[in-house]
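Annotated features, as they stand in TrEMBL:
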- Glu240: active site (ACT_SITE)
- 16-462: domain 'Aldehyde dehydrogenase' (DOMAIN)
Amino acid sequence: MSDFTMTIDSEQVASNEWIPVEDPSTGTVFARAPQCTPEQLDAAMASAARAQITWAADEPARQEALRRCAATLNANNEAIAQVLTAEQGKPITESRRETAAAAAWFDYYANLDRRSEIVQDDARAHISVDRRPLGVVAAITPWNFPVMLSSWKVAPALRAGNTVVLKPSPFTPLTALLIGKLLADELPAGALNVVTGGNQLGNLVTTHPIPRKISFTGSTPTGIKVATAAAATLKRVTLELGGNDAAIVLDDVDPGAIAEKLFWSAFINNGQACVAIKRLYVPQSSYGKFVDALAAVAEAQQSGAGIEPDTTLGPINNRPQFERVAGLVEDARTRGARIATGGIALDRPGHFYRPTILADVPDSAPIAAEEQFGPALPVLPYTTVDDAVARANDTRFGLAGSVWGGDQDQARAVADRLEAGIVWVNTHAAPSLRAPFSGVKDSGLGVENGPWGLDGFTELHTTHVARR
Ligand code: NAD
């Protein structure tokens with residue numbers, strides 16, 4: 001059993017209490033993370049506050065430090081990937097890719113030009129607008145992509161001149177702890193603190209007087225709690241929340257040719273992705289062919305521990321999520337849905353659930369109407385494109401969506417009608433570090449990635465020099 005440590009003021013810190021961390025492929029505890037005490041959280045916040053002024057003062061030094069962080073993440077790719085697969089469950093090749101992506105985010109923000117503007121320069125006045133850091137930022141992350149999603153917050157927050165206290169999910173705290181330790185050698189004391197604990201620690205973070213901003217990724221109900229807690233002290237918030245992404249396939253697409261791509265757009269990270277396809281609308285005329293083709297791809301998958309070389313789909317990350325997915329499939333069955341494939345757990349330890357394709361699901365069934373966040377996809381027939389668009393938009397979520405078609409212009413025209421922060425054409429779940437990632441409706445508030453993501457960790461600062 002390994003014990004991991006928190007990074008507070010560049011020191012490695014343990015605790016008297018620990019949270020157990022389970023390997024989802026066995027269901028057994030293999031490591032422990034410290035349970036951060038309120039005093040330790042105070043120390044982390046105070047350290048971040050002390051470090052911030054010096055950190056904000058030297059932009060070239062920050063850029064250089066971020067480049068070193070990227071290099072350190074790349075140099076330790078294998079070590080981080082091994083811990084990621086152990087705590088999250090995903091196949092090791094995906095863990096390596098996720099770690100490389102995190103390094104790419106540090107490099108991108110190291111090199112991005114910051115924006116400042118002169119809005120008036122005439123005989124009357126010179127008015128310039130630049131962006132200042134907020135101070136201390138608290139970052140709270142979920143368990144599905146713990147390495148990459150931390151970098152989406154930490155890299156731009158640091159580049160903008162803030163210091164950070166990062167609190168990962170109690171299901172996957174270890175990679176953040178390891179990264180905190182590795183980056184402590186590249187950053188000044190206090191620039192990045194990593195603290196771990198249960199959901200209650202999240203509440204202590206959001207109500208703490210020091211942070212000026214909470215950057216949160218997680219479920220919509222928790223996001224509402226975060227926003228409510230932050231409002232009491234007017235902390236800024238960015239909320240990247242849940243989604244129920246619809247994909248619409250147009251009638252000029254061959255089911256056999258596209259099934260594999262559609263499958264992976266839904267089952268990326270075993271369906272545990274905020275921007276996975278969660279509802280698939282296909283033409284009524286080829287409904288049976290789509291269901292069969294997707295079921296065939298599902299049946300060709302190898303479910304197993306992420307560390308096993310042949311594994312293409314890992315376990316569900318944790319027992320509550322396993323119960324939720326299994327419960328939604330069971331509920332759909334009782335409402336008349338047909339399980340084309342899957343619908344059962346694997347007969348082995350760990351949280352394994354066969355990739356599941358469901359047909360004949362009523363739109364009102366929770367597996368279609370809510371976020372399943374797991375390896376089960378409802379395939380829904382439509383008669384007209386108007387019908388598909390209306391049903392795709394009939395949700396309180398608005399994270400992402402996609403349209404798939406042979407005629408790109410036609411697909412693009414349908415994509416323009418979807419109510420979502422990101423709409424892809426002929427792909428899905430393909431976030432770019434250069435493009436804004438932002439949910440509409442109940443899927444979020446604020447933006448990550450690209451220059452907009454950097455702006456989110458700043459406040460506008462206007463200087464008006466009167467000339468007469
Ligand atoms: P969650 O909301 O349960 O937890 C997310 C984080 O919030 C964890 O670190 C948790 O400890 C913390 N937390 C819990 N209660 C808190 C409180 N009261 N105050 C402060 N922090 C608290 O989410 P999860 O189950 O870890 O992740 C799955 C969810 O995340 C899904 O809904 C998924 O769609 C969403 N997600 C969204 C994005 C996005 O970018 N939009 C990306 C990944 C995941």
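From the backbone N, Cα and C atoms, a Cβ is placed for every residue, glycine too.
Under the three-state DSSP scheme, Glu240 (active site) falls in the strand class.
Cβ neighbours of the residue listed as 'active site' (same chain, under 8 Å, six or more residues apart in sequence): Leu149, Phe216, Thr217, Gly218, Cys274, Phe437, Ser438, Gly439, Gly444, Gly446, Glu448. Predicted-model confidence for the domain 'Aldehyde dehydrogenase' (16-462) is 98, expressed as mean pLDDT.
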